2 protein chains.
Amino acid sequence: MRPTDVLKPGSTIGILGGGQLGRMLALAAARLGLHCHIYSPEKDSGAFEVARAFTRADYEDEAALAKFAAAVDVITYEFENIPAATAAFLSKRKPVHPNPKVLETTQDRLVEKNFISALKIPVAPYAPVHSAAQLANGIEKLGLPAVLKTTTMGYDGKGQIKIMPGDDANAAWRSLKNKPCVLEGFVNFQREVSVIAARSADGKVECFEVTENDHQNHILKTSTVPAKVTDETAKEAERIAAKIAKALDYVGVLGVEMFVVKVKGKQALMVNEIAPRVHNSGHWTLDGATVSQFEQHIRAVAGWPLAKPLRLGRKVQMTNLIGDEVHDLAPWLTLPGTSLHLYGKPDARAGRKMGHVTRVWPAK
Amino acid sequence: MRPTDVLKPGSTIGILGGGQLGRMLALAAARLGLHCHIYSPEKDSGAFEVARAFTRADYEDEAALAKFAAAVDVITYEFENIPAATAAFLSKRKPVHPNPKVLETTQDRLVEKNFISALKIPVAPYAPVHSAAQLANGIEKLGLPAVLKTTTMGYDGKGQIKIMPGDDANAAWRSLKNKPCVLEGFVNFQREVSVIAARSADGKVECFEVTENDHQNHILKTSTVPAKVTDETAKEAERIAAKIAKALDYVGVLGVEMFVVKVKGKQALMVNEIAPRVHNSGHWTLDGATVSQFEQHIRAVAGWPLAKPLRLGRKVQMTNLIGDEVHDLAPWLTLPGTSLHLYGKPDARAGRKMGHVTRVWPAK
């Protein structure tokens, strides 16, 4: 981004995707006096109602994309499965942040893991699976249990299957339609953590503090700060996130999920996954920090300086409201220090992220 | 409000007025999964772009008002100068909170001061001015300097004139077109404070802590917590705000401005003014408390329980950005712990509130 690309208040940010992440980005942009234009193929996109304008059209609709690009000053996205052709089409017309090459890296688990490995950053053990022979080799190398995941399009536990000792590995692969896969070895981790990092157009990086995450049924359930990691581990986690952001020439917010493991009696880190966007494990920053991940992302894509995030409270915990948990709000509404966020989704389907709550324990 | 009037997420709140207060109310409602429909006669209303729907029409347009009422579940307002007929028309169709009788009391400075006095709450000294004789009597009673204010429609220093010793008082009144006025005696205050109180449909009250306010050119410049008042004064201020809210059978957030004076060596309070709405001196709660005044207001009008507000940080200060101060944002963007809020107004006219910043000093 050139210095001339610093957006003035009143400029318009185009956002691809209209789910809760787009919605919370739009709310953050509005606070800063920036308009948003949401592009999403889905009706009832929760982001539509909090943006100045929206386009409901498919990602392949070039006429709609061209009109969208003409109406905005800069373009960003709320999820990583934007078709490559869409990103390429748009980036010829307006700046797209993070740059579309990031999508090429992160849309494919294997490309992503190879990319991180090449940076000499430890990655959870993995093996490519493009053939039955590779599957057998992978199991030989990583042992069982292991998880077989399609290289593309998986999230929240979709597109993956666990292989236990004695299971028919080939049958497992067939259940994923023999798509290109990655086999991920079992990691005996102490805890799961993530770092939400923001990188500005001029290359500065600000990390939110390391967050500890708990999953239920492959879906994030809680994120808590401070995480139970040593200062050394926390610093290393931030260093890893910053290194990845720099290597991707990243502008915006990214989430890096990591495992904390014990190696020779000491904590060590292994990267699990990169999310090239604001991330569920950073939702606590809306209420528990002096700047949110959403505002940091908007600042970065607008060419504005990043804020230095400071935690508010001695402890902060975010809990996702999944499926029909959203129907039982009463206890949250009166719990001291607790903020409710609902995403405006009409149907509380099982496994669907409907909202979240954040509890902040103020410092004494 | 009956228990059946507890709104479900997905319900729609109608808001009269589309300025920054309506805008911040709409942003708070969106977080809670409630839709907003803004009604405002002004084009470029900043609230339009963050609400699911808006109506641009005059407050006298009964067809538009009827359609608006039919489209929403409950109605509230962001400012006190809603025409009485508009409020009456709407309240026959949908619940209006705070109730329209509140407007009758607060739209007229004299009615308001008489109302507060009748509650045995100290009010800054005042006298009615409907005739030259009353003006002379008022000056006799209160002394000079004093401020002559029209009983209706004044705000931010508009509709008022200061009378100094030796001034031609009748000429001053003529400059206000001899409208009905209130003469306000000079109060030698230690400081100006306010209490932002929320009252729920079931009569519970939650106050934000007393806020200390500084004005420049009759416009609020900064609000700071904690205020420099004794614990006793703080408790008394909250007691006064709660008493006023109860007497008005109030549902929603109201601001009560008070002077802290020294009487016989001790701090005492005098009420200056009531604002039957969210209030500029409560903007700090967006970043400096576990719940904002905007969310409290939405909770109240939705029939939801209020949250217990806890301060975040050892000190919080809100600074208004007035007129072209909005063009010098760079220092605020990098000041640690500082959040920027812009209201999306196109013209930075002199004296116009364009945005605000809040600085939070986190506790150690």
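For all residues, glycine too, the Cβ spot is worked out from N, Cα and C.
These come from TrEMBL:
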| type | residues | note |
| --- | --- | --- |
| BINDING | A:ARG109, A:LYS149, A:154-160, A:184-187, A:GLU192, A:HIS215, A:272-273 | ATP binding site |
| DOMAIN | A:113-302 | domain 'ATP-grasp' |
Q: Determine the Cβ neighbour count for A:GLU184 (ATP binding site): the number of other Cβ atoms within 10 Å of its Cβ.
A: 23
Q | Listed in sequence order, residues with CB under 8 A of A:LYS158 (ATP binding site) and six or more positions away | A | none
Q. Where's the emptiest Cβ shell within 10 Å among the binding-site residues A:ARG109, A:VAL187, A:ASN272?
A. A:VAL187
